[in-house]
Structure formats: C-alpha cells, structure tokens
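Working notes, beginning with the structure itself.
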C-alpha cells in the first residue's frame, strides 16, 4: 500500500511537471560578446532564452536572472568553469519555462504573454565582476558586469527599448543581481517605461554563524576582491561602506530608487545551510539532519532559527517604510519561489493574507494593490511547501 501511494505521488508530480513545463525555449548566444570581453568564466559567450510576447503583453518584458551561488577563489572558480555555471558550452540548448516564465495564463496569470527572458548565469559574481587581465595558467575570466551590459544591449536591440513595462527579476544569486542592478536597469530604458524589480531569495543576511564567526562576510569579501566587483556595486552604498558590505541587500536596498519587491522565506533553506550553519561552523554535522528537513530539527535548533528569522526581519524592516516597495516574507523552509510552479501559482501554493505569490507580485507590478506582508513564525503557516533535501543536493559552500 505504501509503495502504491508513493508511486501515485510520483505520477501526480510528473504530470504537474509535464503540464506546467510544456514550453521549451531555445538558447541564444550573445552576438559579438567575445569581442567585447563579455564572457563566462571560461571565455565562452553569455547566453539567454527569449520567448516573445503577444497580444496585450507584446511591449512588456520580464527579465529573469538565473541563480547559482558564487565562486570566491581560483580553485572553485576553475571547478565552476567546467559546468553550466561557468561556461555556455555546458548549458542545455532548450530550457523549460514554467512558473513566472510560463506562457500559460492558468499558471502565470499576469506575465504569460509578456516577452519573457531567462538570462543564464556563468560569471560567478552576480553579474558584477570586471577584471581585464586573464591568467593564462587558468584562463579564468571575471567579466560579469560586461556580461550584464552585453545581454541588456542585445535585448534592447530586440525590442526592449520600446517596452511599456519592464520587470527585472531573479532568484538567489540572480535575485541579488536583480536588486543590485535595479537602478542601472531603469537607466537603460526610456523615461516613459514603467520599470520595477523583483528579488526572489536574494536578500542574503549579514550575520554570524552558529560558531560566532562572520563566515558569509568573509566569503563575500573574497568574491568581491577576486572578481573586481567594487566598481560595479551601487555607488550609493560603496560611498559609505566597504565594497563587500554592499553585497548585502540590507545595506543597498534602502537607496534603490526604482520600485522593488522583496520575496523571501524568513527561514531561507540556502541561508540556513550556508550562512547560519555552514560546514565550517558545524564540523561534527550536528545540523545536517535539520538542514535536510526542518521537521528533523531539535527544539534548540528551531530556537536558533527563530532568532535568525528575527534578525532577518529586523534587516528588512530596517529598510524603512516605502509606498513602492512590495514584500512577501513567508515562514517556509525553502529557496526561490518564482521558479517553482507549485510555489508560484497552484491550487495549494503558499499564501499570506489569502494571497498567492503570483497574485501579490502581479498586483504590485500592475499597481492594483501594494502587498507588504510578513508571515507569523514557523510552524504557523500550513500552506508552506517546506523543502526536503538529500545529502547530495547542492553541497554547502
């Protein structure tokens, strides 16, 4: 009976995936990018996937920046350059578009007929790096900022220059990039274009880990230094703080002039695994079972995570009140909710104030309603889709 139930669950999930990911979009390599030095870690050209809009959405654009962490030293950047996160040679030719990228109204009611773009991530520093020199021993190229500009210029030439609406979105490292590039994206478009930015799971918190060490601060310092990112971070932040601090949204977002929507889990699974309890702070693996499934967490670990949530909320609320900043902070153990159909818009999607993520974002983009809600603490929200991992899923940084 148990095996039959498991098989039925697998079948239903498979049908959901088949139905919602029916659209596969071809890859496009950026023309003349290599000549401009706008390249992935391995020197290959950057890439994106574009599905053209139609009808009422023909002059509206949604740009989704791919996530995938960062590389903070030569060794892990060399490893990365042999994967899709460092080389367009390793990227799939056809990419499934679902959730916020879906072309079906029933799965993506507000953006289904927009021009929808997935910008591939292959620079390892959230599209911020720019180092001219290339070490011949490694052939590593740190050119994320050039990649960003080259892709945007090509999209402008393909019609984005005529956009009536434009949303810059992204997940994880892409969510951080959508936040940091928000105002520069606005500057690329005509004054008459309505421009907004959405950061999904990109609000990485500057905090100490369970051993009391500022692990993520040191990690970001290494990323910014290696990639030469300082000159490409928002000047409104770098004029006040060290460049590495400007990799943290809590020090950047207040100065962003373009309307911004922050979508994040207060118990973000990536942050729990890599900021709160990274491997270096947990040498005996006491947090491993908890990180794989929040239901396995000991009460003392839940207490630490509740404190993390309060610190996260303090950073978000500390941005100050804004009549243009949207917010959907749920209490789910998850990461990236715009790219998964069941989180974005489904019969049992996570809700706050009886509102799905897709509706909250859509209402904000179209100025129907300003959504600014923070969930009650775990485990109060029964609509959450808590992620369950295996030890092989995305090993910690």
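Counting starts with 1 at the first residue shown.
Using the three backbone atoms N, Cα and C, a Cβ is placed for every residue, glycine included.
When 26, 353 are looked up in Swiss-Prot, the one carrying the note N-linked glycosylation site is 353; the rest have no such note there, which does not rule it out for them. Residue environment of residue 335 (active site, charge relay system) contains 24 other Cβ atoms, counted within 10 Å of its Cβ in all protein chains. Local packing around the Cβ, expressed as the count of other Cβ atoms within 10 angstroms, is greatest for 172 among the recorded positions 73, 172, 353. For residue 268 (active site, charge relay system), other Cβ atoms within 10 Å of its Cβ number 26.
Checking the recorded positions (73, 335, 353) against residue 172 (active site, charge relay system) with a 10 Å Cα-Cα cut-off leaves 335.
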